Amino acid sequence: MPNASEHSFPFPILIGDIGGTNARFALLTDAYGEPKQLAPIRTGDFATIEEAMQKGILDKTSVQPRSAILAVAGPIKGDEIPLTNAGWVIRPKDMLAGLGLEDVLVINDFEAQALAIAAPADQDVVQIGGGAVRPFHSRVVLGPGTGLGVAGLVYAQHTWIPVPGEGGHVDIGPRTERDFRIWPFLEPIEGRMAGEQILCGRGIMNLYRAVCAANGEEAVLADQAAVTTSALSGADAAAVETVSLFATYLGRVAGDMALIFMARGGVFLAGGISQKILPALTKPEFRAAFEDKAPHSALMRTIPTFAVIHPMAALSGLAAFARTPRDFGVAMEGRRWRR
């Protein structure tokens, strides 16, 4: 755990959520003000993140940030951090040398999502089903997106500690008769079926094609957006079943994560897919699958589940951390660079 002297960053602080398609930034001028949202930057529009930050942010504001706290999708090892789903490579030493920064911290993207669920505002979440939050108990966040992100959040020594991992790659298997009809048509990864093969954007298409194949039908919808839109409107029966099954399987995995972390503080669904298919998630299938964990179904009924509807949840989490770093046990060794 970093000591207290390590838990401070000079203001102004630039916070950033660096995704595969878009990079979203905000400026925090002090510990008391709200972050100033900046226009999103498409990662494909700039060759490097340094160029994007210079031309897309610094050249357009009179505020010179002294620190940067960035959340990225990718392993954080060494002085060069390649993004999982984009061409950029994060080089913190180059940021210190070329952008006038004094302090750079890089964390996992789902650590930021976990930070955001420490104290979410009521208007930023929608409860799905029953259960009640137990304060200061463990929490879990799952986010179907480009992949399936998972992180825990545990409270110890008066500190919220995010626990990132690769929970999206746990095994997932068939349980019902319908599952067994669909499963042979799902595309595995290296011979096995991981949660991320179904519970993400491309996973929706994997599941849709398998549903169509099990029905002996042609898959006519071309992409994830078409499937979810057709499902919510009821225009395509295979799409409706796909999204219903997606909600069921997400409920199963979310329930597993709740048991692993004993997440009496709640299980939170983050990301754009969860927001888009919220009408499907509020139907009985998700919550029924979540609670169907014999011999612990009674326990599961007490654990609340939520959809995060804040449009910039990761930035909200980063801002909370930047304001009061001592409230969070974010590991910094090997992930922080200073001049």
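Including glycine, each Cβ sits where the backbone N, Cα and C put it.
Annotation source Swiss-Prot lists ATP binding site at Gly16, Asp17, Ile18, Gly19, Gly20, Thr21.
Overlay of Swiss-Prot annotations on the structure.
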residue	record	Cβ contacts under 8 Å, 6 or more apart
Gly16	ATP binding site	Ala23, Arg24, Phe25, Ala26, Met53, Ala68, Ile69, Leu70, Ala71, Leu315, Leu318
Asp17	ATP binding site	Ala23, Arg24, Phe25, Leu70, Ala71, Asp109, Ala112, Met312, Ala314, Leu315, Leu318
Ile18	ATP binding site	Thr43, Ile49, Leu70, Ala71, Val72, Ala73, Leu83, Ala86, Trp88, Ile90, Asp109
Gly19	ATP binding site	Thr43, Ala73, Asn85, Ala86, Asp109, Thr146
Gly20	ATP binding site	Thr43, Ala73, Leu83, Thr84, Asn85, Ala86, Thr146
Thr21	ATP binding site	Arg42, Thr43, Gly44, Asn85, Ala86
Additional residues around ATP, ordered along the sequence, whose Cβ is within 8 Å of the centroid of Gly16, Asp17, Ile18, Gly19, Gly20, Thr21: Asn22, Ala23, Arg24, Thr43, Ala71, Val72, Ala73, Leu83, Ala86, Asp109
